[in-house]
Structure formats: C-alpha cells, structure tokens
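Engineer: I have a structure here, written as structure tokens, and I will follow up with some questions on it.
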Amino acid sequence: MGEKDSETAPIWEKTRQRESSNNNNIHPMDLESSSLSGQQRSLNRSRSSYEERGRGVKEFRSWFSWLIPCFVVANVVVFVITMYVNNCPKKSGDCFADFLGRFSFQNTRENPLLGPSSLTLQTMGGLDVKKVVKGDEGWRLLSCNWLHGGVVHLLVNMLTLLFIGIRMEREFGFIRIGLLYLISGFGGSILSALFLRSNISVGASGAVFGLLGGMLSEIFINWTIYSNKIVTIITLVIIVAVNLGLGVLPGVDNFAHIGGFSTGFLLGFVLLIRPHYGWINQRNAPGAKPHRFKMYQGILWTISLLLLVAGFITGLISLFNNVDGNKHCSWCHYLSCIPTSKWSCNREPASCTTTQLGNQLSMTCLRNGKSASYILANPSDSRINSLCVQLCR
C-alpha cells in the first residue's frame, strides 16, 4: 500500500553518478577494471543515476506519502476535540476570542499559546507522571504526543512534520517512517517523565525531533551513496542545535526533544539502512558479488539496536519504580530551562488555597504568596484552576 513505481531520490542530496569525466568524484569498484586499461570508460557509457541502478531493489522504491498527512489530520482533529471538551465559556468564563463560542481559548495570561487549560490537557491524556506511575496510566506516554498546548504549538509542529515527514515517507515508505515517528515520540515521553516530574507535558515535538535524528543517522549508515555529505551533516546539526537551544526557554519540554532525537537517531541506523553503492552497481554482474551491506553498516545497526533496547528497558523500569532523574543528575535540569533575570525556571504546578464566603472567593498562591479576591458564585473547578494559574505567574 502506498508504493509507487517511479524513481526515488535522497532527501537532502543527489546521489553520485558514474561520471569519470569529473576527477573529484570517487567511483565504486568496477568488475571490468582488471581487463581494461585506465581509460575513463564512463564517457562511452550512458550516464545513469544511482536510483536507476537500484530499480527492483525494495530499499529504493519511491512511495506515495499518505501516512504523514494522516498524522497531521489526526493531530488537528484531536486539538479540535480538546477545545470542544475545554468549553472555556462554561467552565472558566474568562476567555480569549469569545466569538468562537465553545471553542474559544483560555485567557492568554493562563495559556499564551491560544489553547485549552492544563486541566483539560490532563483530562485528555497529557503526560502526568503521578498518574502514569501511581495510577497505572502508562498509555499517557503515547497519548500525550497527539495533544498540543495551543494553536501556535500545533502549527509549528505540524508544519515541521509536513516539511520533513512527507519527504522521508516518499523515500523510505510509510512503515519505516511511521515506526520512526511513533517510537521516537514514545522515547521522548519516557525521558520527559523521568526529569519533568510535576508538569503536564504534551506535543508531537519529540516525534518530530525523532525524524530529524533519523535523517541524520541515515546519512552515516548509507555513507557511500551521498556526495557533499559534510555540508549536509553540518546543516542538519545546525538545525537541531538551534531548535534544542530554543528548548531551554521556560515552558518548553526540551527533555522530550532530546529523548525523541536520541531515539530517532538510533532508530535511523536500524530502520533506514540501504545496500551500499558497490552492491547496487554490481548486483547484476557475473561472478562473485560483494555483500549487500558493508561491515560498518552491520556494526552500526547492531550497536544501535542494543542501545535502543537497553535504553527503553532502563527508562521504563526507572519510571515505573518512580525514579526521579534529577536526583541522579544535578545539572540535567539546565538542559530544559536556563534561569535568567528575565524568567524563572520554577516548574512546580500552580497550587492555591481557596476560601469561599458567599459570592467572594479568596485565593492565595502557595508558590509566590500572592493573594486575590474574586466575586464568583459557585465557581467550577476549571475556573478556580484558571485563576490559580494566573495568580501564580
């Protein structure tokens, strides 16, 4: 399903062509080299691309991209459902974009990303470590990847997913890219749960970073089929570094990014491996043929698979034994937020004491000591939570 017979091309770079007229190119071994002189035989041959030689090899099929668009649609649908459940006018009252009615956003003081309340995100399946560990709700490690904190959050992730994911799915097919996306998101959730113990975490960022990680490792595992590799690697590293750098701002779950990228990087060695250039070039030639994969590919594949299995087993055992990663790594919290004079990295959830006397609600934030009074009769839990979040900012 999703297969197409047309040629494929690598995502970032054009593959090498056998053009001996260019002295800077490095060409694969040729079985005929022992019987011919050192003349440049490529001038007498038709110039065919690496993909043309790879026709009929399953790793070089070109695919129609349908899964990534489905993932995008699913994320958008889940966000709409979340906003429907949020129902700000009824549950909170203090909303932004009231003309949207039931789908209006929480006040921007509470959620500047234009989205639902944290209470709604928790209800819909956001990553809450206490519920995962003590409430046997491990499914939240997966469900949180389909939720988003707001329109801004959703747009950034989905545009990035479309740009990267469609090109990768065309190149490697829906099965491998689907697994890369889903497993990377799961890996990001595990690392996030080990270090961000008190916040509700949501978003597809970990899975998207996993695609970036897979894109990078694919260049290493298929080293022989690309030209200008160093430029491509530097470009990818800069992109990843900039995005991880932005992750040290408050309110961003950089552990999910790091976990997703690391998982995707290792998975790329396992899922995106391709036959090397020499095998493709000589597979139909008479006589002995080289192995389908080079030794370094097999070594990278094996090491990456072992690290993945070990990492997931260790992470899950630690998580469900309620291990706090911060107690074993005193500096790791700086990977997700660096405090400055402009902002605080206090990630403790908003918590307030409340007193209701008639129509007056008195509230005190336990985090910063601020107090306020509101004229409200029988406020809902969502409304109280919204006011507490605003008071504690």
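Cβ from N, Cα, C; glycine included.
Whatever TrEMBL says is automated annotation, not expert-curated.
Below are the features I grabbed from TrEMBL:
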COMPBIAS  1-19  compositional bias 'Basic and acidic residues'
REGION    1-48  region 'Disordered'
COMPBIAS  20-43  compositional bias 'Polar residues'
TRANSMEM  63-84  transmembrane segment
DOMAIN    137-272  domain 'Peptidase S54 rhomboid'
TRANSMEM  146-166  transmembrane segment
TRANSMEM  178-196  transmembrane segment
TRANSMEM  202-223  transmembrane segment
TRANSMEM  230-249  transmembrane segment
TRANSMEM  255-273  transmembrane segment
TRANSMEM  299-320  transmembrane segment
Engineer: Any residues 6+ beyond the ends of the transmembrane segment (299-320) with a Cβ under 8 Å from its own?
Structural biologist: 129, 132-133, 138, 187, 190-191, 193-194, 217, 220-221, 262-263, 266-270, 273, 293
Engineer: Of the stretches 146-166, 178-196, 230-249, 255-273, which racks up the most C-beta pairs under 8 Å with the transmembrane segment (63-84)?
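Structural biologist: Between the candidates 146-166, 178-196, 230-249, 255-273, the best contact partner of the transmembrane segment (63-84) is 146-166.
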Engineer: Which of 146-166, 202-223, 255-273 shares the most C-beta pairs under 8 angstroms with the transmembrane segment (178-196)?
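Structural biologist: That would be 255-273.
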Engineer: Out of 146-166, 202-223, 230-249, what stretch is closest in contact terms to the transmembrane segment (255-273), meaning most Cβ pairs under 8 angstroms?
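Structural biologist: Selected stretch: 202-223, with the most Cβ pairs under 8 Å.
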Engineer: So how many of the residues in the domain 'Peptidase S54 rhomboid' (137-272) end up helix, strand or coil by DSSP?
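Structural biologist: Counting residues per DSSP class in the domain 'Peptidase S54 rhomboid' (137-272), I get 107 helix, 2 strand, 27 coil.
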